[in-house]
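Peer 1: What TrEMBL records for this protein is below:
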- 12-30: transmembrane segment (TRANSMEM)
- 42-63: transmembrane segment (TRANSMEM)
- 99-120: transmembrane segment (TRANSMEM)
- 140-160: transmembrane segment (TRANSMEM)
- 187-211: transmembrane segment (TRANSMEM)
- 303-322: transmembrane segment (TRANSMEM)
- 364-394: transmembrane segment (TRANSMEM)
- 406-426: transmembrane segment (TRANSMEM)
- 485-509: transmembrane segment (TRANSMEM)
Amino acid sequence: MAAASSELLTGWCLFGLSLLAILAFCWVYVRKYQSRRESEVISTITAIFALAIALITSALLPVDIFLVSYMKNQNGTFKEWADANVTRQIEDTVLYGYYTLYSIILFCVFLWIPFVYFYYEEKDEDDTSTCSHFQTALKYTLGFLMVCAVLLLIGAFVPLDVPQKRNSTEWEKVKFLFEELGSSHGLAALSFSISSLTLIGMLAAVTYTAYGMSALPLNLIKGTRSPTYERLENTEDIEEVEQHILRIKSKCKDGRPLPTRDRRNLQQLEERLRILRRRERHLEFIEKSCWTKFCGAMRPLKIIWGVFFILVALLFTISLFLSNLDKALHSAGINSGFIILGTNLTNPLNMLLPVLQTVFPLDYILITTIIMYFIFTSMAGIRNMGIWFFWIRLYKIRRGKTRPQALLFLCMILLLIVLHTSYMIYSLAPQYVMYGSQKYLVQHNMTLVDGQPGNVTTYVPKVCDADAPEDQCTITRTYLFLHKFWFFSAAYYFGNWAFIAVFLIGLIVSCCKGKKSVIEGEVDEDDSDISDDEPCVYYG
């Protein structure tokens, strides 16, 4: 029992260290993108907390796998301290951890983030009292709470099993529903709600992460245009526009009014001149910046990172393709959510993770690296595309210039993408996520002993799979949350194919595009001149 407590303490201590690192990362990340002029304390705290909770939930995945794996020896036998009660205690500890974190995620998605968002939207639109802003924000937030309640009720009162008696009365059916709810301790309700959010996260991952996985490495390899050359081109454009403006104004020197068409053209040219002059100020600042010179010196390192990221992206895509192909060929079909019984077509990550898992925390480091890679590629996709609602662009994400509402949207999207990351890792390494490195003993009969006839029974260790006895292999709590409802698993399966397709399309588009401007996305038509007061130095 003391050994069991020691192993639990080791796992949770590493989890605690990860917690501190995650909080520090989230603080730096949010502060890097929030607007210096429009920053709000509450929105900043909300964004940091929401992103941290998502990352902490993902950090619990390797801890879950480590704990179920460490209960067994490599020969397939349980360790001395790992009796039934200790195993149940470990499972319950991880399960309650997921209960807590997923409940906080529901609180953030359906109450805290919407309330803070609508509060600042009302604050921007009118100058009424704080009480009025609070009431209006609460009114809109109630709609999100109703959606959350509906999801919880659907998950709780739609049992996965049906009563065996066909002639059951209505009261017996209702009683059965409540027994199902009580027996699962709300697991189905919470799993359905989280799976619904994960499904939205899948759509965000297909949109932003898949494109970012191709755009980020190629942008690092290609680099940006020279600020000196861009400034020269911009100066020529300014001179050209000024000549057009003078030509139009010369038509009204005798006092005659300009025609409607000329007035419209003059207005458009003056707006373009304003933007070009703003670009001139930005380019002049970048050209003289020490950061630009430093980025130029680090150019070879950026190319190396870009090559590394594109190789990692190809590794993920190939592994995901092989995993999905395995499900298409060997799974039980769509009615089972394409759940596969064992691994027939292995992939590089599915082989690597179980090997690293035997030397803790190597797999923990790799999982963390994968999650952070998804975060950075998602951020690259969001920054390149912006936040859209169908064909309407809602917000732009820029370093040091992101509004509080856009920051909340950003962290909401990243939270949903990180939720989907757990299933992505399962798709890449199903054996690892389900059982870790566990093995169980299989009876093997030998008919020859030293060349003499005989019948000897031996036990051979075998890697745990879906055919293993329930009392010999412990399934991770993560797997139970991911596969509680088959139709979500089926949707994730098709989402993986869409992810691969979008990545390949994004790779082709990124290869065909030229170098980005050194001030890409920093000067737009709808920006005000006030935004030039604090130019951002982190270009390139």
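Numbers here mean position along the shown chain, with the first residue as 1.
Using the three backbone atoms N, Cα and C, a Cβ is placed for every residue, glycine included.
Unlike curated records, TrEMBL annotations are generated automatically.
Since this is a predicted model, take the numbers as computed values, not measurements.
Tell me about the setting of these features in this model.
Peer 2: Beyond the transmembrane segment (42-63), the same-chain residues lying 6 or more positions past its ends with a Cβ under 8 Å from any Cβ of the stretch are 11-12, 14-15, 18-19, 22-23, 25-27, 29-31, 34, 94, 97-98, 101-102, 104-105, 108, 112-113, 116, 119-120, 361, 363-364, 367-368, 371, 375, 404-405, 407-408, 410-412, 414-415, 418-419, 421-422, 425, 433, 478.
Beyond the ends of the transmembrane segment (99-120), by six or more residues, the same chain brings 40, 42-43, 46, 49-50, 53-54, 56-57, 60, 133-134, 136-138, 140-141, 144-145, 147-148, 186, 190, 193-194, 197, 404-405, 408-409, 411-412, 415-416, 419, 481 to within a C-beta distance below 8 angstroms of the stretch.
Listed as Cβ neighbours of the transmembrane segment (187-211) (distance under 8 Å, sequence separation of 6 or more from its ends, same chain) are residues 95, 99, 102-103, 105-106, 109, 148, 151-156, 158-160, 180-181, 374, 377-378, 381-382, 384-385, 413, 415-424, 480-482, 484-485, 488, 491-492, 495, 498-500, 502-503, 506.
Sequence-remote contacts of a segment are chain residues at least 6 beyond its ends whose Cβ falls under 8 Å from one of its Cβ atoms, and for the transmembrane segment (364-394) they are 14, 18, 55, 58-59, 61-63, 66, 204-205, 207-213, 215-216, 219, 309, 312-313, 352-353, 356, 406, 409-410, 413-414, 417-418, 421, 424-425, 521.
Within the chain, the transmembrane segment (406-426) has long-range Cβ neighbours (under 8 A, six or more residues past its boundaries) at 30, 33-34, 43-44, 46-48, 50-51, 53-55, 57-58, 61, 105, 108-109, 113, 116-117, 194, 197-198, 200-202, 204-205, 208-209, 320, 367, 370-371, 374-375, 378-379, 382, 387, 394-397, 433-434, 478-479, 482, 492, 496.
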